[in-house]
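TrEMBL has this to say about the protein:
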- 46-64: transmembrane segment (TRANSMEM)
- 76-96: transmembrane segment (TRANSMEM)
- 102-120: transmembrane segment (TRANSMEM)
- 175-194: transmembrane segment (TRANSMEM)
- 200-220: transmembrane segment (TRANSMEM)
- 289-310: transmembrane segment (TRANSMEM)
- 373-393: transmembrane segment (TRANSMEM)
- 424-444: transmembrane segment (TRANSMEM)
- 456-481: transmembrane segment (TRANSMEM)
- 501-519: transmembrane segment (TRANSMEM)
Amino acid sequence: MDSFQALSMTNAYGTRDIEMSNQTKRSKGGWRSAIFIIFVEMGERFAYYGVAGNLIMFLTNVLGQSTATAAKNVNIWRGVSAIFPLFGAFVADSYLGRYKTILLSTIIYLMGLILLTLSVTKIPLQHSQTVFFLALYILSVGEGGHKPCVQTFAADQFDEDLPEEKAAKSSFFNWWFLGIVVGATTAILVVIYVQDYVGWGIGFGMLAVVVAAALGLGACMRRVKVMVFGLMNSNSGEVEGGPKVGTLARTNQFRFLDKAMIIDETDKSSKTRDPWRLCSVNQVEEAKLILGLVPIWLTCLMFNVVIAQLSTYFTKQGSTMVRTIGSSHFQVPAASIQVCTGLTILIAVPLYDRLLVPIARNLTGHPTGITMLQRMGIGIFLSILTMVVSALVEAKRVKIAKYHGLINSTKAIVPIRVWWLLPQYILCGLSDVFTVVGLQELFYDQMPEGMRSMGAAAHIGIVGMGSFLSSAAISVMQVISSKFGDEWLSDNLNQARLDCFYWVLAGLSAVNFCFYVLVAKGFVYKKSECDDATKDTELN
């Protein structure tokens, strides 16, 4: 067929016609391209966790903030950093395109790291706090453009029309997450040690160097034509060889939206179709996809409230415990214990992808072994266990502190090894492997194809809202507990009732899990008209 074939493509910002020649269709980059993008993301994650992983210790030890105030500030910053991607996704999908947005946001990120370094090395202490927080939120702006685009950009390198590449895309999300964890774990092992024992300026400066290198790699993407096959479409954010928009099949969910397709007398009498009065099947089904993801989004918030404790109260717990290795005098930085979560993920992801998925596939017949929602549900259940174990370990730590008469000593080291915290860190890692990767794949796969950057931003936004909710929970616990006795979350963890706070989070997580199961059972997966063999509703 020599003529061009007209395709109708609908996204969140309107409907437009594009033409594509079947004969000139280019292949995508596949794993070759995706691996390079993973390296860029590893550099950005190295920088992010180099800041976030030890931030609470900087705020308390250098800036002199109370533990509760520092924890709230960390949560608010993490929350803002995870909300900004919603704006970055809109800019990418509507104006700049993903590639240009990635480059621009990385430049902003680098500027923030340079300012962060200057705030702890060149600016007097009385003024450094203002500059430090300004630099932090410049990082949030950079994060907003980078996060929603880079993962989607990498996933788009796989052609969904080819069965082998469609299967590879599901595996890609596992290895993408593994790359993120490699960057984060390296930062926690190396950067945090430098910050604690060499200097904060050198620690932050290292992060700027790595991001500058990632920026250089990103700037070479189009020249080497490894990651980009064709020119960027500045209006749509589409890349040639990127995702095509197929025709969605009609579903029975949210049937009230079907009224938007009904042709009334006014429409019949009109020579041209009014897009504000009449919608296509694709438009209605895309609206259903977005609406169907909202309950999933809401029931995953509690999971991220739990994970928010990893870089706040877990770290402060560790700072009160014995952190020496063997008989040596070397002390492991409290924030570096987070490396146990990273190592857990590094071990669990390959095992899941290469061992558990094939076994589950043979048992269930599902291409990925279990569905995305089943995977997420396992992780949410593990997050409940994380809080239960954390509460039990904290109760033991306080009991030992009482036995040795250390209750009134704020900075005393309780004679209990920090390795008692390992179970809760490991459980955090396992829950991440199931829920976080499942979320990434779900919000990529089930979003309308023209809105996949927004989908990435939406799942990142769960992290942001979880951080905000964690900060709110701390404030509520402080108010309520102070009215009925001692404050649960006081600066002196030996007098505080952090274990009670953990039990509250475990209870809320259990209730949330019940709602999640109900929502997951009613979820309808996306179905295209050409996919006749796919059932309307997969087993959840």
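We count from 1, first residue shown onward.
Backbone N, Cα and C define each Cβ position, glycine as well.
Where the annotation comes from TrEMBL, it is an automatic prediction and has not been curated.
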Next item on the list: Using Cβ atoms only, state whether the transmembrane segment (200-220) and the transmembrane segment (373-393) have three or more pairs under 8 Å that are 6 or more apart in sequence.
Entry: no
Item checked: Maximum Cβ pairs under 8 Å to the transmembrane segment (501-519) - stretch from the list 76-96, 175-194, 373-393, 424-444 -> 373-393
Notebook entry, point to check: Sequence-remote contacts (6 or more beyond its ends) of the transmembrane segment (456-481), Cβ cut-off under 8 Å?
Noted result: 68, 71-72, 75-76, 78-83, 85-86, 88-89, 147-149, 151-152, 293, 297, 300-305, 307-309, 312, 439-440, 442-444, 447, 487-489, 497, 500-501, 504-505
Item checked: Contact set, same chain, for the transmembrane segment (373-393): CB under 8 Å, 6 or more residues outside the stretch -> 296, 299-300, 302-303, 306-307, 309, 314, 317, 420-421, 423-424, 427-428, 430-439, 442, 499-500, 502-503, 505-506, 509-510, 512-513, 516-517, 520, 523, 540
Note to self: Same chain only, please: residues at least 6 beyond the ends of the transmembrane segment (424-444) with a C-beta under 8 Å from a C-beta of the stretch. Say none if there are none.
What the structure shows: 151-152, 155, 170, 173-174, 176-177, 293, 296, 300, 303, 306-307, 310, 314, 337-338, 340-345, 348-349, 352, 372-373, 375-376, 378-380, 382-383, 385-386, 389-390, 393, 452, 455-456, 458-459, 462
Check: Residues sitting near the transmembrane segment (102-120): Cβ under 8 Å, six or more positions beyond its termini, same chain?
Finding: 40, 44, 47, 51, 62, 88, 96, 128, 131-132, 134-136, 138-139, 141-146, 149-150, 153, 200-201, 204-205, 207-208, 211-212, 214-215, 218-219
